[in-house]
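**Student:** Let me give you the structure first, and then I'll get to my questions.
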Amino acid sequence: MSESAPAGSKEGVSFGNLPRPEPRTSKDQQKLSISTDVKKPSHSAPVTPVRSARSSMEQPTFRPVAKNSVTVAPARAAGFCPPQFEEYHHGRSHSLVSPPPSPHFLKRISFDTFNNKAATDFSLTLKTQHQAYKWTRTSRTFLCGMDGNSYSEVAVDWLFETLLADNDEAVVLRVIDPSSKLAEDLSDEQSYRSLAEHIMAGILKKVDDDKAVSIIVELVVGKPQDMILRTIHVYSPDSLIVGTRGKALNSFQSLLSSGSVSKFCLQKSPIPVIVVRPDRKRVRSKNKRLKDKTRKSYMEILEKSGR
């Protein structure tokens, strides 16, 4: 026995209380296809194809920029503006050239009294200083007398090698006796100046480049004894250094000989005096004392001092 399909069903499908749909016709399908078409609104902008947009990115338009600037064309075309940098041009005006090295000793002062016709004595002063020289409360001033003899050169050498230290000042006094032959040869001011510059150049060769000292050359025409006392009064040095011939005489007889400048300095100088003998004669005297058996105490002192 077979069951019959309920009312309101089609081919075994039940629609319940819903109204039964009507079958679609060819006219209804035509209306549905027309309604599904997308119509472009009148207010929308035209759509650019993707390929044409890429071609416009590859061919950007350029804007004139400054000559000395750095730009990136692809970044500008993409809407990014990089910061502007001025280009550095290396030329003579921008090149860093080190200045020539300055000399270790610089000229500071130079004057003379040759133009003063009323003066009885004439003098010429040359002064030079190391570029690192600086006067301090512990700075010392030394006066060294010299002449044309070799023993005076020994005194100058000993001063700069042994006694002179940084920030000290050395005054080298060169006295020319008016009655000497040298005074006759030096007839004009230029000849005196040339002699003073020659003395200064010889002294600078004796000084180490790293020794910060001040050097003064006093070239004076007059009596040596009077000029020494006058120079001591002007500069107030701490001590006076002079040379000696070192004759083979006992004790201070050679220093106190008649007419000796060292004798005058020892007797009349208001400041301490250092008398320097030539090196070879000092070594000879030292060896002689070492061989003397009666001076054992002196030899012991030398051994303890390491000399």
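Backbone N, Cα and C define each Cβ position, glycine as well.
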**Student:** Test of record reading: of Ser98, Ser236, which one does Swiss-Prot tag as phosphoserine?
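**Tutor:** According to Swiss-Prot, the phosphoserine annotation belongs to Ser98.
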**Student:** Going by Swiss-Prot, point out which residue in Ser33, Ser44, Ser95, Ser285 is annotated as phosphoserine.
**Tutor:** Ser44
